[in-house]
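Below is one structure, written out as structure tokens; the observations come after it.
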Amino acid sequence: MLLPLLLLLECIVLISLPRLGSIDAQKIQVGFYSTTCPQAESIVKNVVSSAVSANRGLAAGLLRLQFHDCFVQGCDASVLIDTTPSTKGGAEKDAPPNKTLRGFEVIDAAKAQLEAKCPGTVSCADILAFATRDAVVQVGGPRWDVPAGRRDGRISSAAEATSSLPDPSFSINQLTQRFAAKGLSQDNMITLSGKTHHLSSHTIGVAHCKTFINRLYGFSSSADTDPSLDPTFAQSLKAQCPRENPNPNTVVSLDPTPNTFDNSYYSNLALGRGLLASDELLFTDGSTTLNVALNSFFGSTWLQKFPDAMVKMSLIEVKTGSQGEIRKNCRRIN
């Protein structure tokens, strides 16, 4: 049942997304490595399973890593490239929104094993797509078939990352427009769990104090604390992030079950316990309130929509053939 839906979705994306160019639908497909490297997906799965078993927080890290990659230059693993002396202005990973990205070492480990088994065959972009899926499954999320055949990009720009990733101050309308520019609907945006400049699925993961401390102190001329925050929740946050000299390394869970893939993120929004202001907007903005409420009450429906949204997102501006390359090392252009 899922495979026909994914194939239909792939056709829709290939037709509707801007800047996709002359992508051959036969090249981006489920089972792309079935003959050239049959063990590709199992190798990635084993690496991810080991890494997430040792540190469940890496699941959120890998999910965020793919989002940040796809929104800049498309899903071409350009976020993995290291800055070199010749990189003007720095690579994507050096942009302010990307400073706290993690999970690079998991992709490196999978790439090393794949190069040993199938040299020059599996792209870093596909490894990242496989790893993200496997990480979500590892923490209780749904599984989906990943269309593959992406090539790796040769350009990585910190400036482009800064301008392409949604800003934390964006309104719902601005967020919706930014997602629409990538071929994603407002429903996709909400299903993928409240995108901000973090671009991570907020049902798992954590955030640093600096990303929400403006809601706790000096919020406005009439309220020191954001009145949309549940008072008890606000006091808890203040205890973790004091007004004076907050620890820059302190992180707070984005929902009560940060290492489990569930719909409690949406329930929290309805209770005034959305950690980030842009998340809380999803519940308070009239255009998205109903969708958030449905995701809160009907978790199974949200879980069914999530794989389709992930597949659609993973096909943003993908490169094939001469549009890219198969990197030997995910951190360096060949």
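Glycine residues also receive a Cβ, built from the backbone N, Cα and C atoms like all the rest.
For C75, the disulfide partner recorded in TrEMBL among C37, C70 is C70.
The disulfide entry in TrEMBL for C209 points, among C124, C241, to C241. According to TrEMBL, the cysteine that forms a disulfide bond with C118, out of C11, C37, is C37. Rounded to the nearest whole angstrom, the C-alpha distance between R64 (site 'Transition state stabilizer') and V72 (Ca(2+) 1 binding site) is 13. Excluding D69, V72, G74, D76, S78, E92, which define the Ca(2+) 1 site, the same chain contributes H68, C70, F71, Q73, C75, A77, V79, G153, S156, A161 within 8 Å (Cβ to the Cβ centroid), listed in sequence order.
The two recorded residues P166 (substrate binding site) and C118 (disulfide bond) have their Cα atoms spaced 37 Å from each other. Long-range Cβ contacts of C75 (disulfide bond) within its own chain (separation 6+, distance under 8 Å): Q66, D69, A125, L128, A129, R150, M313, S314, L315, I316, E317, V318. Annotated pair D76 (Ca(2+) 1 binding site) and C118 (disulfide bond), C-alpha to C-alpha distance, rounded: 20 Å.
The recorded positions close to C70 (disulfide bond), defined as a CA atom within 10 A of its CA, are S78 out of S78, E92, C330. The number of other CB atoms found within 10 A of the CB of R64 (site 'Transition state stabilizer'), across every protein chain shown, is 23.
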